Amino acid sequence: MLTHANWQEPNINFQVDEMYRGALEVLRWSYQEYGNEIVYACSFGIEGIVLIDLISKVKPNATIVFLDTDVHFKETYETIRRVKEKYPQLNIVMKKSALTLEQQAAQYGEELWKSDPNQCCAIRKIKPLHEALSGTKAWISGLRREQSPTRQQTNFLNRDDKFKSIKVCPLIHWTWKDVWRYVSKNNLPYNPLHDQGYPSIGCEHCTKPAFTMDDLRSGRWQGSGKTECGLHE
């Protein structure tokens, strides 16, 4: 089994087919390799919807972890409800921070997402994912190379030093058009905020409509110089 501890660049030739761009083959390999020791950390954005549908074809009872920061859009929670209805066999885990918003405010001050967004992400996303990945060997992410300059070197299989894990990224060759074409063709439920200028959706306080569709993440942490929550750095 390929793990963080024994990592070497895998000599696996995944075929980038026309229909799935390699994603389905990567998922089949991943669940065969890791079984129940792999989870999908999903934000329920549009890429996440595609991956959930693909995962359901490979492992209908797969574990999907949503990092519930308690400050997501109501549309995001409604999307999760609709996904649960469509895929009742999936094990969707709502993973929260150990600190409530009230406890966080008492310890770090009100509106930490403004005063120190990195600390806020660490408390409400990074630490909870560390906890969710405890006992697993790998996790799946919806990263695409097209999303941002920081993601252009992402491979199907990546050694993740932050979480001491293998990060599997099946959608690296998918374009924005590929994603939407798949969602439309298969009539999949998705977050309606995508139709309102939000190509990338995170917490409500830190997500605005994108400045430009040339930078799909330009609506995240606007004005802060921050482009990633820390999960993929």
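Any Cβ shown, glycine's included, is placed from N, Cα and C.
Worth saying up front: this structure is predicted, and the values here are computed from it rather than measured.
Marked as active site, nucleophile by Swiss-Prot: CYS229. Look at Swiss-Prot and you will find CYS120, CYS121, CYS203, CYS206 tagged as [4Fe-4S] cluster binding site, backed by sequence analysis.
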Counting every protein chain shown, other Cβ atoms within 10 Å of the Cβ of CYS203 ([4Fe-4S] cluster binding site) number 23
Cβ packing number for CYS121 ([4Fe-4S] cluster binding site), 10 Å threshold:
24
If you run the three-state DSSP split on CYS203 ([4Fe-4S] cluster binding site), which class comes out?
strand
Fewest other C-beta atoms within 10 angstroms of its own C-beta: which of the binding-site residues CYS120, CYS206 fits that?
CYS206
What does DSSP say about CYS121 ([4Fe-4S] cluster binding site): helix, strand or coil?
helix
